[in-house]
Amino acid sequence: MTNCEKDEEFVCISCVEEVRYSFVSHLSEALRRKGINNVVVDVDIDDLLFKESQAKIEKAGVSVMVLPGNCDPSEVWLDKFAKVLECQRNNKDQAVVSVLYGDSLLRDQWLSELDFRGLSRIHQSRKECSDSILVEEIVRDVYETHFYVGRIGIYSKLLEIENMVNKQPIGIRCVGIWGMPGIGKTTLAKAVFDQMSSAFDASCFIEDYDKSIHEKGLYCLLEEQLLPGNDATIMKLNSLRDRLNSKRVLVVLDDVCNALVAESFLEGFDWLGPGSLIIITSRDKQVFRLCGINQIYEVQGLNEKEARQLFLLSASIKEDMGEQNLHELSVRVISYANGNPLAISVYGRELKGKKKLSEMETAFLKLKRRPPFKIVDAFKSSYDTLSDNEKNIFLDIACFFQGENVNYVIQLLEGCGFFPHVEIDVLVDKCLVTISENRVWLHKLTQDIGREIINGETVQIERRRRLWEPWSIKYLLEYNEHKANGEPKTTFKRAQGSEEIEGLFLDTSNLRFDLQPSAFKNMLNLRLLKIYCSNPEVHPVINFPTGSLHSLPNELRLLHWENYPLKSLPQNFDPRHLVEINMPYSQLQKLWGGTKNLEMLRTIRLCHSQHLVDIDDLLKAENLEVIDLQGCTRLQNFPAAGRLLRLRVVNLSGCIKIKSVLEIPPNIEKLHLQGTGILALPVSTVKPNHRELVNFLTEIPGLSEASKLERLTSLLESNSSCQDLGKLICLELKDCSCLQSLPNMANLDLNVLDLSGCSSLNSIQGFPRFLKQLYLGGTAIREVPQLPQSLEILNAHGSCLRSLPNMANLEFLKVLDLSGCSELETIQGFPRNLKELYFAGTTLREVPQLPLSLEVLNAHGSDSEKLPMHYKFNNFFDLSQQVVNDFFLKALTYVKHIPRGYTQELINKAPTFSFSAPSHTNQNATFDLQPGSSVMTRLNHSWRNTLVGFGMLVEVAFPEDYCDATDVGISCVCRWSNKEGRSCRIERNFHCWAPGKVVPKVRKDHTFVFSDVNMRPSTGEGNDPDIWAGLVVFEFFPINQQTKCLNDRFTVTRCGVRVINVATGNTSLENISLVLSLDPVEVSGYEVLRVSYDDLQEMDKVLFLYIASLFNDEDVDFVAPLIAGIDLDVSSGLKVLADVSLISVSSNGEIVMHSLQRQMGKEILHGQSMLLSDCESSMTENLSDVPKKEKKHRESKVKKVVSIPAIDEGDLWTWRKYGQKDILGSRFPRGYYRCAYKFTHGCKATKQVQRSETDSNMLAITYLSEHNHPRPTKRKALADSTRSTSSSICSAITTSASSRVFQNKDEPNKPHLPSSSTPPGNAAVLFKMTDMEEFQDNMEVDNDVVDTRTLALFPEFQHQPEEEYPWSTFFDD
């Protein structure tokens, strides 16, 4: 028995007095209802400055801050809030949940402050939802944040159990929790007990019910659990009844195996009070049936995200380890466990402590071969409860029949003397086997444990009852005699099979060996024999070196031998027990000689046995149901099979030498005669009960007798009277090119009519009233009569149709294919339930309103100029790059009529649309999506003047087992800074699927495309959007209908945005422009600098570059001392950067920078400290002492070469250093400089500086190109104002990071020349190696340059005074 465990940690709620006894009281009560009983609500926000209150917060597991939204977030409030964050830093495991309660105009200010402090868990009251919904959101957040450690994935299941209980009528309610071993039944039951027990007068949780009831007895156990603390022992149920009469009682019986004991236990509880609840957990559904429990909850496995979380916790692996191979290993483990929490946690613990990836992989492979005892014990306890026959069936399925058709398995097992109809149901009830899509499946763990049971019976391979491992089987069957001097010689004695073997399945894909003739001699009880090749590309090589097989076991039920190499089966083989013979691609000429007893034979498949000439023996198999002789090219006749009354299917396709069929059994359902030599069937073969004839006959007389004929294909001449067709339901006249007309078929019962390829057919009088599928592709029909109401598919691909009747009333029509109908002019309407529509290549000028149910639309290449103004397509399965472009183009054709001075009213009339598609169906499409959930772009001036809106593409990763995506949507947030420097945003929510429609099961990844012209920045004067510098940021979040963020269940993996603008007088694909993210290849550092820094002060720029260069998730307290001596205000500077979303500060006080912003900052530094492109022309031209090589050198641009003393004041130009290289044979490095006015004036002047080899006091300066601006005579005020700041920053950077960043590990003692002109802390060192490789490739290195990849980023020359190369030039662009 396990009572609700007392949580050592508690939830601390801080609030103001006004909501303490209203909203907060409801919140605390809701937490208690969820089993979180330790809730402290006595901490008033006004008391947060006192140490006693702070101590309470520090001890809490979760701290909930209920903030008054109607109060201004003043300094007092922020000081109090900071105290909570300080308490949280003292308790690293504590989570902080913020609640902004109450309607307020100050909400944006609060949200800004909370976001600045890095708090992501923010709940706020909204007008559209009640307080109860807000409370439910908070409770779920708190529960999943902290209190479900060890109960991962339980919360959603708790809600389902609670709903199941609430739906039952008042009285004694019962719920069964059912699932496979290790799936989490006990954990779920404990969670339910913890959550609900406080609402009952008495409660008990009896663990391991069968064992407990056996050890303590029923009444003693009940007394102990329901009435704890009583001295007297209750020996009779009457006494217990007196004490608990009419009370509400919660009873949980865990892991019940003996249904009879549980049934007798529950029968004595009819006296419990109304509202009592009895919960039973069991892995056997039969327990619930005997106990009369109808409400059964099947526990499902963990989804992918939950499984990964549990595995990482169990194995103590951090999410951010980042090693791809380690991630792949975790995926394999999770996939193998298939959502079973016990297996995931056990495997995680077994892999814990392995330091090397190779050790973890080896350990996992061993665990798969020999599952841990804890897992085996859990599953074997279910196996031990089975009867002998049930155990045999389970082991047969585990070893041989995984994924096989259930009817096929039942047929074989019946032939073995079992009763599989009943016994397979028992296995299903005990969660050992599942039936899905008419196939038999076992969990991977269950299958491996079943096989482990077989292998654990004995170490001797030849004595194991079932064999499936190829190398073990090869060991038993391989021929072990070799010839020496022409005589057989036994080289060693090999173990052979024994009578214990009952099944042998050999996969020959990777085997080559000779089979001994007596291989099966001792396997007297072998029931199942299958020799096959699972790899169709491999030709198996297994031969009989002696050319004979001595015997086969007479107990065989299944004989499946692909590529059988002999001409016949052993003559002494008795096939009386055979149920199936399956020997495709064999060398058989005949099965055997003489007559054999085949009374049990149901199926024979000898397809593609090209040497087969005789099958007369099959006439003795009176119970035969299927004969498959496809591709038996030498077979000349098919015997009269009139006596085979059970024969249902005959396949003679490809038997080209068969000219006639003498007699067809009366119950035949399928007759395949394609590729035979049969030209006609006698009248006697067409019986009234024939259901299907599949053939290529030229004539079938006597159709009047085929009253039940359902299928007839390739009939070259239609009968003059359709009345003779009786109950024909499928008529295929495909490619009957001479067919010119058909009679009226309105009175027929046809379901399928295929006239495709009937190129001479130009008219049709009427359609059958129950027609479901109509194919008119390639016909000459121009008009069709009224279509039947029952029609589901209409395919007129490539036909000559000019018009169609109104189809709006065809409510069953799902597929409409009009592609290639070049003469089609109009369509009057579409059915409301249409799912697939194809009209690519048509001449339609206008398309009616498309239905919301549409899933597939292909209009590529059509001439349609007008699509509906507003439409939404769901679950597209045909989504390509061209289709996306077509939608963006065709749906926006309207905007070409908008004049340049367009108004908002006209904009509001522009189309909006959305559609979606599974990502796996579009693997070849390139949408230029960027990784992550956000994308940033800069709109150029021409785009801003003609901007209409944006198209958005979002890829969302769904859990593999997630089925109900009805309420899933995407929230898109568009942010920009206006020309006054204020941060602006627009948020739009898009539904992924149409409301009220049935949503199909989503795949792992889904791509959604949205367009809404209102999703655009506001328009200022002259229709120019009010965007400062054109910078726009888009962020995407998965949400539900209550706009609750679903990041914990779904993930936005990639996204992209396209700019939609209007061009006067023309609309083309040029008006749909791809938005580029801040990719270093696509966007230069200077462009990003100008875009992102226009609204920042210089000091804030310095602070941002400092953080982007050296700090990743560092604490504010760590960063602040490093810039202590600088005129930078950390608190205000961080707030400014957070306001413009360049950084955020987490609840732990860590400075967090998104990878996009960090990359942007590095691009700025990269662009200002190292010029990658301009150095190409300057390097190679001036290496005069380098031997000539066959390289393409650029034309020299050398202006002059001068030598000056190292102490010279310089040339009065302002230069910026971008690189330095060691020169082979020289003691001194060479420095490379460019004009500091490159970007502001477009100056391309560069120079190279190197100390002279003969006189180190002299500098050799090579000038390349001329300046295009006058020599600067006065420094900018900005340079003077920032110099001191920059120097201090450099000092701080050098102190804090030189030891971890700037040291060359290959040359630790190599000195760097100091410089005052370039800061020692140049952040260019943080750039990726690929950037340095690109720099080196552009340098066109010759033989005199020391290798390489050595970029001395910080050394400088002493000759330049500080005034010449100020740090401020790094920023003054």
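Using the three backbone atoms N, Cα and C, a Cβ is placed for every residue, glycine included.
Bear in mind that the values here come from a model prediction, so they are computed numbers and not experimental data.
Annotated in Swiss-Prot:
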| type | residues | note |
| --- | --- | --- |
| DOMAIN | 5-146 | domain 'TIR' |
| DOMAIN | 170-421 | domain 'NB-ARC' |
| BINDING | GLY179, MET180, PRO181, GLY182, ILE183, GLY184, LYS185, THR186 | ATP binding site |
| REPEAT | 498-522 | repeat 'LRR 1' |
| REPEAT | 535-553 | repeat 'LRR 2' |
| REPEAT | 554-575 | repeat 'LRR 3' |
| REPEAT | 577-598 | repeat 'LRR 4' |
| REPEAT | 621-646 | repeat 'LRR 5' |
| REPEAT | 665-688 | repeat 'LRR 6' |
| REPEAT | 742-766 | repeat 'LRR 7' |
| REPEAT | 768-793 | repeat 'LRR 8' |
| REPEAT | 831-854 | repeat 'LRR 9' |
| MOTIF | 988-1005 | motif 'Nuclear localization signal' |
| DNA_BIND | 1204-1272 | DNA-binding region |
| REGION | 1300-1323 | region 'Disordered' |
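Note on the repeat 'LRR 7' (742-766): DSSP counts are 0 helix, 3 strand, 22 coil.
Sequence-distant contacts of the repeat 'LRR 3' (554-575), counting only residues of its own chain at least 6 positions beyond either end whose CB sits under 8 Å from a CB of the stretch, comprise 412, 415-416, 524-533, 539-540, 542-544, 547-548, 581-594, 596-598, 600-601, 611. Here the repeat 'LRR 1' (498-522) has a mean pLDDT of 90 out of 100. In three-state terms derived from DSSP, ILE183 (ATP binding site) belongs to neither a helical nor a strand segment and is classed as coil. Report note: the ATP site is defined by GLY179, MET180, PRO181, GLY182, ILE183, GLY184, LYS185, THR186, and the residues of the same chain whose CB lies within 8 Å of the CB centroid of those residues, excluding them, are ARG283, VAL299, ASN340, PRO341, LEU342. Sorted by the number of other CB atoms within 10 A, the binding-site residues GLY179, GLY182, GLY184 start with GLY179, the lowest.
Across the range of the repeat 'LRR 8' (768-793), the DSSP-based residue counts are 0 helix, 4 strand, 22 coil. Sequence-distant contacts of ILE183 (ATP binding site), defined as residues of its own chain at least six apart whose C-beta falls under 8 angstroms from its C-beta, comprise VAL299, GLN300, GLY301, GLY339, ASN340, PRO341, LEU342, CYS431. Counting only same-chain residues six or more apart in sequence, the Cβ atoms lying under 8 angstroms from the Cβ of MET180 (ATP binding site) belong to ARG283, ASN340, CYS431, LEU432, HIS443, THR446. Nonlocal intrachain contacts for the repeat 'LRR 5' (621-646), taken as residues 6+ away from its ends with a CB within less than 8 angstroms of a stretch CB, comprise 598-613, 615, 652-658, 660-667, 672.
With respect to Cβ neighbours within 10 Å, the binding-site residues PRO181, LYS185, THR186 differ, and THR186 shows the lowest count.
Residue counts for the repeat 'LRR 9' (831-854) under DSSP, split into helix (H, G, I), strand (E, B) and coil, are 0 helix, 3 strand, 21 coil.
The residues of the repeat 'LRR 3' (554-575), classed with DSSP into helix (H, G, I), strand (E, B) and coil, number 0 helix, 4 strand, 18 coil. Summarised by DSSP class, the composition of the repeat 'LRR 5' (621-646) is 0 helix, 4 strand, 22 coil.
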